[in-house]
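Below is one structure, written out as structure tokens; the observations come after it.
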Amino acid sequence: MRLKHIKLVGFKSFVDPTKVPFPDQMTCVVGPNGCGKSNVIDAVRWVLGESSAKNLRGDAMSDVIFNGSSARKPVSQASVELVFDNSSGRIQGEYAAFNEISVKRLVTRDGQSNYFLNGSRCRRRDITDLFLGTGLGPRSYAIIEQGMISRLIESRPQELRVFIEEAAGISKYKERRKETENRMLHTRENLERLSDVREELGQQLEKLERQAAAAIRYKELKASERKFKAELQALRWLKLDNQRQQLQAQYAEQQTELERWQAQQSGDERGAIELKEQAEEARDKVEQSQEKMFSVGNEITRIEQTLKHQQELKEQRSQRQQQLNEEIAQLDEQLADDRLQREQLEEQQLLLEPQLEQVEEQLESVSEQSQQANEKWRQWQQQQRQQQQQQRDVEKQQQQAQLKLQELKQSQQYALQQVEQLQTQQQDLLRQKQALSVDENEQAIAELKHQLEHKELQYQQSKQQLQELQQAFKEQQEQHRQTQQQQDKAQAQLTAIEQLLEGKQNNDSRSEKWLQEKYPDSLKVRELLQAESGWEMAVEQLAYDWLDAVVLEQAPEELEAVSGVKLVWPESGQEPESWSLASKVKGPLRYWAPLQQCLAIDTEKSAGQQLQQSDASFAVSKAGNWYWQDGFIAARVDEDNSVLHLHKQRETLLEQLEVLAAKLSESDQQLQRTETQLEQAQERLEQVQQQVQQILNEQGKVEERLQWNLQQAEQIQQQLTSLQDKQQEQRLYAENAAEQQQQIEMQLEEYELLLEQTEQVDEDYGEQLESQVRAGDEQLQQLRSQQQQMTLQQQNLQAQSEQLQKLLQRSEQRYQQLLQERNEQKNADTDENQNTLDEQLTELLDKRGEVAEQLQEQRQQLSRLEHDLQQITQGQSAIQTKIGQAKEAMQSTEIEQVKLQERSQAVLETLAETGLKLKDILEELSSDADEKPWLQELESIQNKIKRLGAINLAAIDEAEAQRERKQYLDQQVDDLSSALDTLEAAIRKIDKETRHRFKTTFDAINHDLQILFPKVFGGGSATLELTDDDLLETGVTIMARPPGKKNSTIHLLSGGEKALTALSLVFAIFRLNPAPFCLLDEVDAPLDDANVGRFCRLVSEMSESVQFIYISHNKVAMEMATHLAGVTMQEAGVSRLVAVDVEQAVAMTDAG
């Protein structure tokens, strides 16, 4: 398997589509610093699934998208595609048959990241699984970037173990083991939950089975109760049906009486109808006469208004005649003024014409002079442009000389600054060399060890505190669970008691509705009855039939006998006797007469004797037994079904629930506080752990800094020797630059003198010409302005003359119109119809008198007819009273029938609730059946039902459902136990395979490391060691001893030695499990030429089985490559790929 090429689009600096080919086993990517070479390495890491922006040298994942440059805009997405040659079949599974495999990743600025495998969209997990066991991955040993060498050597044992696992191909086993452990954890948690549920379910099932048995007995009794209730309702319906038939017969008699009176009333109504028709005819005649009267009156009014209008019109014409005379006089004066003004305008026009001709002649003369002056000005400007071009040429030469002079100065200054910097650097390094010593570093390391011991002790204390808090948290959770169970139990008891109390309430919906409408704010006896402790049974025995009665403050003014309604109004106001049962009661019911008349008996033995000695009519004992002088009734309710006892239990449970709710709230708060303390303790533990790691890192840095400073001082000393020679060369160069500077300054002085003379001559002559042109233009502008003013004045005079002519024409037309209107007003006739209208008015007045007499006669006739009709109507009133009385009787009978119908319907509705049919019940009942036996039997059944107590009717179905659920949970427990055994067997198998592979791989890599290390270093030895005996958890450390050294720790190696050691380890892994390719990013930077040569020989040897792609600035490394890929940044911020050879690569390296 080999990497064929990479396609980059919009990735970091590769904004344009770029294809990077890798045709050979060794490809070297070259280019100057900052051109984007390392972006190729980042692209490979990114496609393989890297999710950390820090490892991609960015702050966010969107930083991999090209963010624009000075000449380009940002792009919206980035994509990288890796194409592999799989002709060897290295990739297994479903892609083993593909000779070429493409892996692609695309990301957009909105954060969407997509993966593609051979063009098909896939998950990141699919890419990771594809390369499992091949040594490839975003952080595998196949990608060695800048700085990773030191991180590899300084890795902790557990981190170094990851590289061995990847080489052994057990990373996929480790991933599967982790998944299996998670499944086992979830399975155990499920088993614990199922065990708790099964235990609780067993307890619930026992309770539900008892409740189910009671529910079955309850259903049987309810069925009997329903049957007797239905038969009782049928008997009541028969009784109501007999009453309804009697009312129907009574209603028929009342209807016959009503029909007799209605027939008599019908005869009188016919006579009244004839009189009404005659009266209606008389009214029509009166209305016709009234209409004639109104019509004549309207005509008289119209003629009178016409006469008045003609008089007003005559006066208006006189006023208009006077207005016309005034307008004609004013118009004569205006015409005379307009004619005079027109003559004056014509005279002004004649005077203005010669003046305008004179101005035009002057304008022509001045225009010729201005053209001549402008021609001279243009000629001078042409000469001036030529001189300016010459001046620019001189200035350009001057600028070039100044630029050269500035460059010489900068070069001289740069050389002096470089000498000063080198001297300063030399002094700094000497001071650092003097400041650094082994004793101080050893002292620093000892101090760090002391801090480490302190932090480890602090870590153990924090860990112990965390465990204690976790234990306390578990105990609080258990206590919270117990309290919650207590609350649920109390709530269930309260619900059962409320159901019992609800079942004991009155179920007559009709009476309840009537009571709610009549007394909405009143309370019932069961709600107000409060007995002393121990006397609940006695009080309830007495008030048993009145528990649903409504308590009133006083007797109602009017009582309605509604079925099922019970009312109580204790009004005695007298304090009860000490012997009475009322003395054992609190509240307003202590004044209720039955309680005050009842004797309260403590013991049953002397009950009869106590009753005889008292004034009471009867007595009730504490147990609820009822005594008369000649009778006895045993208690009808037991203590468990007592309403007062249930009310008391309900109050106790409510108080208990309030206490439990407060306790739960406090428990919740305590749990939250403990959880907060747990989080804080966890944070403290993590902080201490981080501080321990920081101390370890600091210790390694101090040890590395000591070795690095010693090497750095030696390198600086060599650089100072070389730079002293360069300093001498710079000084000679500065002296030559000073001589050239003097020559250039002399030339600049000559150029400036020549430019000043040329500018002075040209400026004087140009100012004279400009003054002449400006004066001619001003004179020409004045004449043109004067010409324009005179032309405008002439045009204004002409317009005024034309306007006056139009005004004169309109005034003359208006004058003629006014004269014509005045003549017409004089000839108007104002008395044309006045005589005719006077005659018509006289005739209409006579006609109105005749119509008034006729109207008076018709009104008298109408009055006589209305009087006769009134007498007939009074006779009908008595008959109507009789008819009303008959209808009221019938209506009363109908109301009684409706009431009976409603009662019958209520009985039928109650019967329908039982689910039985009336016809079937009536066929079974005997003809002499009576309600009393049925009532007694029904009461007996109801007492049996009450003795059963609270019944959970859903218990039968719930018990069956819980049995099925328990069977299902038992089966699940068996399945989970079996699955857990299977998972544990899989873990053991994975662990066995992992130990075997890890041990085999570790030994092989250790063997190859012992061979490669002497080859790379030219001697010495290196080994891998395990930190623990447990092969599943042990870490891995490196012990390296270069030739002639006996280092106690790997951190004391130099940077180059660490790099070579890391490369030896990587190549040892490659020899065992070669990855398809290896990426190296300037790993040869810390190596000298001798070590680079050894490194190159080793890489060349390994390239026979591994494809190498590396970035380097070293000439020897470039020469080793069989293919070079050059990266350049000719356009700022944009990387491009170019073809290069070795010589060009060397030149690019020197330039960088």
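Even glycines carry a Cβ here, placed using N, Cα and C.
Note: TrEMBL annotation is automatic and uncurated.
What you are looking at is a predicted structure, and each value in this text was computed from that prediction instead of being measured.
Over in TrEMBL, the protein carries these features:
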type	residues	note
BINDING	Pro32, Asn33, Gly34, Cys35, Gly36, Lys37, Ser38, Asn39	ATP binding site
COILED	170-218	coiled coil
COILED	244-507	coiled coil
COILED	650-903	coiled coil
COILED	966-993	coiled coil
DOMAIN	3-138	domain 'RecF/RecN/SMC N-terminal'
DOMAIN	392-1135	domain 'RecF/RecN/SMC N-terminal'
Cβ-Cβ under 8 Å with the coiled coil (966-993): same-chain residues at least 6 beyond its ends: 170, 173, 176-177, 180-181, 183-184, 187-188, 190-191, 194-195, 197-198, 201-202, 205, 1032
Average pLDDT across the domain 'RecF/RecN/SMC N-terminal' (3-138), rounded to a whole number: 87
Cβ neighbours of Ser38 (ATP binding site) where a neighbour is any other Cβ within 10 Å: 18
Least Cβ-crowded entry, counting other Cβ within 10 Å, from the binding-site residues listed as Asn33, Asn39: Asn33
Pro32, Asn33, Gly34, Cys35, Gly36, Lys37, Ser38, Asn39 excluded, remaining Cβ within 8 Å of their centroid (ATP): Ser13, Gly31, Val1127, Met1129, Ser1135
Cβ-Cβ neighbours of Gly34 (ATP binding site) (radius 10 Å): 11
Residue distribution over DSSP helix, strand and coil in the domain 'RecF/RecN/SMC N-terminal' (3-138): 27 helix, 45 strand, 64 coil
Fewest-neighbour residue among binding-site residues, criterion Cβ within 10 Å, set Pro32, Gly36: Pro32
